[in-house]
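> The transmembrane segment annotation in TrEMBL covers A:6-32, A:44-62, A:101-123, A:173-192, A:204-224, A:244-266, A:273-291, A:303-324.
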């Protein structure tokens, strides 16, 4: 690998790390489409994406292990369902690769998923809601108020299909529902090469009714295992490229420090709309690449890559600009703390 | 990389995951120390103090 590519991966890692550290989600699912756009085979793009997710989640879990945000009983139950889902997702990718359809189908799924989440986050940001990412620095000991449990979660909790397990925060739910949610998110992880956190965390809250702080902490713990297992499964078939993962991780670990430090001095609502736009631009980037493949226009690959890097740069830049502005403002600097 | 390619199947896969795990832990400790050592200086420099 050339020094230029190495620097590109480290720099991209820093951008993703800033996003992950600040929003607590969302950085890693830019990696796989970027690698696909750069011409890596689907297996390498997905496998290396998973290995990157694994490394990033190890760092995040180390940081959060003392905050009491992990429900180990829930986490281990999730791991079982996720492992089965990951294996099925990987088999689907390998099968589609044999048919020569993997790149197209993964890209289309990405467009729909990124676009859908992007629209949701942008909508929530415009109406001033609280969707689209939460800080990981939250109180893990907070109990959930019955009124705060979403209606859908209450309905799912009402299904008394044994064995029932009691989770932190007093939530009682059927093990089968947990396994089902875990399987579905594991399937997406294995298929798309993402940690699945941006789907699993809301699923834990909206479908199972787990308090948000515990959903976040348990999600990180679970991503560590699912990322590790997914990496191992892809590495068996040569899908993990260390020359991609190592520089990305080196950059993202640094970026995550900066991003998480920025959470204490920057108002997340100021940035959320940029985050939503970044997801929409990410979806557009993958769509442009697919159009380029369909029309045989190689130049669209570069347009696509520029959109991915540009959108990540835009949001990371907005976070850093707001952080610097806050530090330089005497009133804000006086009441803030660094990581 | 790191001679991992000389290993076979499962051992190679486990070694790759192990390398990523070790790198993550080293980065966590290393950047943590770096942040503790340089963080206040960088903040002061950005704040124009």
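Placed from the backbone N, Cα and C atoms, the Cβ positions cover glycine too.
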> May I ask for the residues of the chain that lie six or more residues beyond the transmembrane segment (A:273-291) and have a Cβ under 8 Å from a Cβ within it?
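Sequence-remote neighbours of the transmembrane segment (A:273-291) are 19, 23, 26, 29-30, 33, 36-37, 104, 107-108, 110-115, 117-126, 132-133, 297, 300-301, 303-305, 307-308, 310-312, 314-315, 318.
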> Using a Cβ distance cut-off of under 8 Å, indicate which of A:101-123, A:173-192, A:204-224, A:303-324 has the most pairs with the transmembrane segment (A:44-62).
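Stretch with maximum Cβ contacts: A:204-224.
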